[in-house]
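Trainee: Swiss-Prot lists 1-44 with the feature signal peptide. The Mo-molybdopterin binding site annotation in Swiss-Prot covers ASN88, TYR91, GLU92, CYS146, THR181, ASN233, ARG238, GLY249, ILE250, LYS251.
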Amino acid sequence: MKKNQFLKESDVTAESVFFMKRRQVLKALGISAAALSLPHAAHADLLSWFKGNDRPPAPAGKALEFSKPAAWQNNLPLTPADKVSGYNNFYEFGLDKADPAANAGSLKTDPWTLKISGEVAKPLTLDHDDLTRRFPLEERIYRMRCVEAWSMVVPWIGFPLHKLLALAEPTSNAKYVAFETIYAPEQMPGQQDRFIGGGLKYPYVEGLRLDEAMHPLTLMTVGVYGKALPPQNGAPVRLIVPWKYGFKGIKSIVSIKLTRERPPTTWNLAAPDEYGFYANVNPHVDHPRWSQATERFIGSGGILNVQRQPTLLFNGYAEQVASLYRGLDLRENF
């Protein structure tokens with residue numbers, strides 16, 4: 001696996017600069033109440049920088065045993081741990097970037113059951129311990145690109161999804177893989193209240209083509225920064241598909257089902273003209289309400305000196321994955 005393009009050391013966010021009280025920052029910048037009345041997604045390019053509590057906690061899960069294969073270690077400077085665990089989209093716990101860190105402690109992740117079913121010869125059920133012990137874990141340093149045009153670099157820990165699927169033995173009828181998040185409204189306030197949860201239909205669902213799911217880059221992720229995932233990052237297990245926008249990285253997965261037909265996906269159901277099934281990172285295909293040509297790396301300059309950088313096709317993984325989409329119109333199949 002060849003190394004990808006890398007970012008400058010100056011783009012790494014210092015531990016002390018990112019989390020500031022929203023009211024203080026908005027007042028300092030003279031942002032009016034009218035700006036705050038814009039639709040949530042319409043000001044993703046602006047307000048997502050000003051949300052949050054003072055210092056959401058860094059990951060505090062148990063330490064994991066894992067290897068660091070050279071193929072997945074690179075020159076990408078890491079986004080600090082407190083930013084990775086404190087600046088999240090997980091609408092089941094609220095719309096604000098700091099809400100998941102503040103509210104996700106209510107999620108019970110042990111015991112846990114993950115079922116693999118559908119078009120497979122050998123259906124499987126994994127428990128909480130299986131997720132960290134059944135497969136050799138490895139650390140992979142990946143870019144993470146949100147559809148809101150901000151990005152991070154994260155040292156995820158997990159195992160390739162294809163290893164799990166191989167155990168289940170997909171049949172010749174399997175063409176797609178459908179994923180589902182836990183439905184637990186008593187633990188997830190966004191599932192209980194449509195206002196808190198952004199009006200989405202829950203449980204959250206996602207999907208991939210089978211060849212995408214079997215690609216070596218696609219990771220079943222159980223840890224970050226050497227420890228088990230914290231709830232706000234999708235504990236105990238989430239999906240990471242680094243060449244796709246972050247909303248494809250479904251969190252807190254309880255079901256994986258192989259299917260003949262393309263499965264529904266949450267954001268495509270909510271706004272099909274804005275969020276496609278493929279969701280490949282593409283600087284040439286804009287979101288209807290903002291450009292995808294550049295992105296804001298969570299960096300050391302602070303919110304008053306935000307440095308934008310060009311968005312890379314397939315998030316910098318084109319050499320590895322472009323062949324999956326040969327002959328496919330990426331503008332039409334966004």
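The backbone N, Cα and C atoms fix where each Cβ goes, glycine too.
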Trainee: What kind of secondary structure is GLU92 (Mo-molybdopterin binding site) part of, going by DSSP in three states?
Mentor: helix
Trainee: Indicate whether ARG238 (Mo-molybdopterin binding site) is helix, strand or coil by DSSP.
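Mentor: Strand, per DSSP.
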Trainee: Let me make sure I understand the structure: which of the binding-site residues listed (ASN88, THR181) has the fewest other Cβ atoms within 10 A of its Cβ?
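Mentor: Counting other Cβ atoms within 10 Å of each of the binding-site residues ASN88, THR181, the minimum falls on THR181.
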Trainee: When a 10 Å sphere is centred on the Cβ of GLU92 (Mo-molybdopterin binding site), how many other Cβ atoms does it contain?
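Mentor: Its Cβ has 29 other Cβ atoms within 10 Å.
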Trainee: So, three-state DSSP: helix, strand or coil for ILE250 (Mo-molybdopterin binding site)?
Mentor: coil
Trainee: In sequence order, what residues of the same chain, 6+ apart, have a Cβ less than 8 Å from the Cβ of ILE250 (Mo-molybdopterin binding site)?
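Mentor: The list for ILE250 (Mo-molybdopterin binding site) reads PHE179, GLU180, THR181, TYR204, VAL205, GLU206, GLY234, ARG238, LEU239, given in order along the sequence.
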Trainee: Test of understanding: give the count of other CB atoms lying within 10 angstroms of the CB of ARG238 (Mo-molybdopterin binding site).
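Mentor: Result for ARG238 (Mo-molybdopterin binding site): 23 other Cβ atoms within 10 Å.
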Trainee: Check the DSSP secondary structure of THR181 (Mo-molybdopterin binding site), expressed as helix, strand or coil.
Mentor: strand
